[in-house]
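Novice: Input: one structure, supplied below.
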Amino acid sequence: MVKVLVTGACGRMGQAVVKAVLDDKDLELVAAVDLKGGMDAGTAAGTAPCGVVVSTELSKAIQETKPEVMVDFTRPDVVFENAMTAIKLGVSPVIGTTGLSEEAKNEIKKLAEEKKVPVFIAPNFAIGAVLMMLMARQAAKYLPDVEIIELHHDKKLDAPSGTAVQTAQLIQEVREAHKQGHPDEKEKMTGARGAEYEGIRIHSVRLPGYVAHQEVIFGGLGQTLTIRHDSLDRESFMPGVVLACKKVRALSGLTVGLEKILD
Ligand SMILES: NC(=O)C1=CN([C@@H]2O[C@H](COP(=O)(O)OP(=O)(O)OC[C@H]3O[C@@H](n4cnc5c(N)ncnc54)[C@H](OP(=O)(O)O)[C@@H]3O)[C@@H](O)[C@H]2O)C=CC1
Ligand SMILES: O=C(O)C1=N[C@H](C(=O)O)C[C@H](O)C1
């Protein structure tokens, strides 16, 4: 059994992770950490449905329950400190929270190597999203003109999404030095052409009703190719999170991307 602590346990993702861990026979939920007390209205403060006690102090919860793995779905401004705390206490972070800077990831990597505590980060745990990214990387070799549109629920804090940034990074790794669009193009309204990563435009839509969606649109001579993924429910991320909990301790240093641990 792998002992798991969940941070952000009362959030949209955290609640789904708590359930997934409880439902898996090879994982044991030893602690749930969140700033809030109870998960649902009507639940006693400090207690989640199914009797899981929610702690508000990460290091205390780690010291008391001795997890092997900490799954983090919190906030972009919280995840770095959580990861550093876990690594220092010998616990492997499995990080789903997006918005970590490259500098922060490098510091996490350094500490993970120094303390010999493996760390796993995935900007997206849904297998369909991973396939979308890998297919986009493949397509970019042949169709280098590309833009990304990501669409998310309106409670999302970071833009662009971690998935969109990783998609752009994967595309950039394979596409030849390339300039797209008109060199004299002018934005008449700031932001009209979206954000830019190495010349790749990323457009972020935030609306109620969405969960997590992305289109990668390639343009070529007389044709376009659209690769689209839709997470319609947060259950879509759970098999990936469970797999990472089971595999992280066998990794070393920092591993980024679900594709790295798929068979
Ligand atoms: N990698 C992936 O596959 C996926 C990644 N994500 C990412 O996961 C993150 C969380 O998303 P989501 O669940 O929708 O967000 P939520 O806001 O629903 O959940 C975050 C939870 O963390 C709590 N929290 C805040 N600070 C702390 C802290 N210091 N310690 C413990 N808990 C804390 C929040 O409490 P409070 O509300 O009081 O601040 C909240 O309950 C985002 O970065 C999102 O982009 C989401 C889906 C999939
Ligand atoms: O905030 C979300 O919901 C999601 N965040 C991740 C991201 O930023 O890519 C993963 C998924 O898109 C859902």
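Just so it is clear, glycine is given a Cβ too, placed from its N, Cα and C backbone atoms.
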Novice: Using only what TrEMBL says about NAD(+) binding by Gly8, Ala9, Cys10, Gly11, Arg12, Met13, Gly96, Thr97, Thr98, Ala122, Pro123, Asn124, Phe125, identify which of Asp26, Asp34, Asp77, Asp145 is listed for that site too.
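Specialist: Candidate listed by TrEMBL for the same site: Asp34.
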Novice: Any of the recorded positions Arg12, Ala122, His152 with a C-beta atom under 6 A from ligand 1? Give them in order, or none.
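Specialist: The qualifying recorded positions are Arg12, Ala122.
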Novice: Over all pairs within Gly8, Ala9, Cys10, Gly11, Arg12, Met13, Asp34, Gly96, Thr97, Thr98, Ala122, Pro123, Asn124, Phe125, the annotated NAD(+) binders, what is the largest Cα to Cα distance, rounded to whole Å?
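Specialist: For the residues that bind NAD(+), the greatest Cα distance is 21 Å.
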Novice: Enumerate in sequence order the recorded positions Arg12, Asp34, Thr97, Ala122, Asn124, Lys156 whose Cβ-atom distance to ligand 2 is under 6 angstroms.
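Specialist: Passing the 6 Å Cβ check against ligand 2: Asn124, Lys156.
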Novice: If one measures from the C-alpha of Gly8 (NAD(+) binding site) to the C-alpha of His152 (active site, proton donor/acceptor), what distance in angstrom results, rounded to a whole number?
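Specialist: Spelling it out, the Cα of Gly8 (NAD(+) binding site) and the Cα of His152 (active site, proton donor/acceptor) are 19 Å apart.
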